[in-house]
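J.: Below you will find the structure I want to go over with you.
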Amino acid sequence: MTALTLSTAAAPGLRADAIVIGVAKGAASTSGGLVVAPGAEAVDKAYDGKLAGVLETLGASGAEGEVTKLPAPAGFKAPLVVAVGLGAEPEDAKDGAYDGEALRRAAGVAARALAGSKKAAFALPLGDAGDVGAVAEGVLLGAYAFDVYKGNGDNTQDKKKKNGKAPLAEAALLGGKPRDKEHKAAIERATAVSEELNRARDLINTPPNDLTPESFAAIASAAAKEHGIKVQVLDEKALAKGGYGGILGVGSGSAAGPRLVKLTYTSSKAAKHLAFVGKGITYDSGGISLKPAGHNETMKCDMSGAAAVFAAVVAAARIGLDVNVTGWLALAENMPSGSAVRPGDVLRMYSGKTVEVLNTDAEGRLVLADALWAASQEEPDAIVDVATLTGAMVLALGNRTFGVMANDDAFRSAIVEAAEEVGEASWPMPLPEHLRKGMDSPTADLANMGERMGGGLVAGLFLREFVGEGVTWAHIDIAGPAFNEGGPFGYTPKGGTGSGVRTLVRLAELTASGDLG
Ligand code: BES
Ligand code: MN
Ligand code: ZN
């Protein structure tokens, strides 16, 4: 990962491959034209204060995602200036009050544009420690590359032999204060969150022939131990003994058996306990209700919820939050075979309820049901599950927004607000009672499918059946934003995105500080 430093150095004397500056579309109250954002004063001065004009001549507009490269002015040690668009200039830009998400995205775009470089200096507006954290996250997340499987076929894993350019190695945040407690804490937090989020991306991008429930559990165990988190792994035998019919049923068609991983992070100063539950289908073929070609190529991403939970628990531990967090990873591979669960089978779930499996492709809710019930037994203050659960949620909200459902309206709002704070797009969704009867089964307590219309909400209603009485619960459906099939944007790469991680970490922080629940 990119090495980050806070630097008080002046831009001209800085030894680096490039200096990154911000440009914006000027607010109407000022010029209306292109403006150079605060932080780049020394660079602008070296262009005789005419940098905005120079950039406009080069076609720059300040639009989000825009990158304009120009030679550095005479006397600068760095050869290149990279101007990155911040979007519209805020009305109060004089105070350096750029939106954190605009900074995060711009830093990400610049970091991506600088792949192959050794060192870049970021001279972006840093109004407060929050901005330092946002730029740091943008750099670390934007510089991400997944190239483990690329190279010259010789398995050397030598970066020089990779096809792509190596990620930006070093970033100095100019204007950051290396001795300021808040600035240092912001860098530490951004580093912990981004490293774990990038690890979640690695897991998501790892092909399903290499990432099985067993190997995922092993990776989670090793990382958890490294950070003082307690780990328990239930394998097939233990799951059978415990009566986890949902996880076992979904995993029964695969040669790679299912696992339930429990990660326990405890703080001696904790007053509250949060449980995070993640859907971890390492590959979703649909099972006997097989997905058609065109719908299965990206289904290695179906463990993105479990990856997010894993990342969030480790990040909470690394930051040392004063809250107890339990992570549950419900891991299975959904495959068709002679031993696979069939449409028509009835599973006895961990909660004791029976479920008629009408469609084996509605498998996520089955593994989550067992994990939700297990999580409920500890009576945490709240449970949040994260899952690539339904195509219906993608139809409803598109590829960049996750849906949030809950058995408590205030909790649902708190999650949407937390997501907004960290720059994740989300939207509250209802759990309409009338959709519940569509899951009535003539044979079992309920079926794993209901009405097609509102399929994302039906799935939420199914999960609600497996949340313990009186436990506050929310469900985050990340089926849209979990995996980016389009080109990279902002700090979001192609492939696994790490959707949900930052919202979960924020929830843990808010719970630790007593600002939630
Ligand atoms: N993993 C899929 C949902 C999904 C779809 C995730 C697209 C990411 C992108 C899930 O297991 C699934 O297949 N859901 C079915 C449920 C249906 C059979 C009730 C769906 O949404 O079609
Ligand atoms: Mn499925
Ligand atoms: Zn699935």
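We number each residue from 1, going along the chain as drawn.
In case you wondered, yes, glycine gets a Cβ from its N, Cα and C as well.
What TrEMBL shows for this protein is this:
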BINDING   K279, D284, D302, E363  Mn(2+) 2 binding site
BINDING   D284, D361, E363  Mn(2+) 1 binding site
ACT_SITE  K291  active site
DOMAIN    359-366  domain 'Cytosol aminopeptidase'
ACT_SITE  R365  active site
J.: Please classify the secondary structure at R365 (active site) using three-state DSSP.
T.: helix
J.: May I ask which of the recorded positions K279, K291, D302, E363, R365 have a CB within less than 6 Å of any atom of ligand 2, listed in sequence order?
T.: E363
J.: Using a 10 Å radius around its CB, how many other CB atoms surround E363 (Mn(2+) 2 binding site)?
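T.: E363 (Mn(2+) 2 binding site): 30 neighbouring Cβ atoms within 10 Å.
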J.: Near ligand 3, which of the recorded positions K279, D284, K291, D302, D361, R365 are found, taking a Cβ distance under 6 A to any of its atoms?
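T.: D284, D302, in sequence order.
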J.: Among K279, D302, R365, which recorded positions lie by ligand 1, judged by Cβ under 6 Å to any atom?
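T.: Result: D302.
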J.: Going by DSSP, is D302 (Mn(2+) 2 binding site) part of a helix, a strand, or coil?
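T.: DSSP assigns D302 (Mn(2+) 2 binding site) to helix.
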J.: Closest of the recorded positions to R365 (active site), Cα to Cα, picking from K279, D284, K291, D302?
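T.: Of the recorded positions K279, D284, K291, D302, K279 has its Cα closest to that of R365 (active site).
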J.: For K291 (active site), name the DSSP secondary structure in the helix/strand/coil scheme.
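T.: K291 (active site) sits in coil per DSSP, no helix or strand.
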J.: Within 8 Å of the Cβ centre of K279, D284, D302, E363, which other residues of the chain have their Cβ, at the recorded Mn(2+) 2 site?
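T.: Here the nearby residues are V250, G280, I281, M299, M303, A332, N334, G364, V367, A387, T388, L389.
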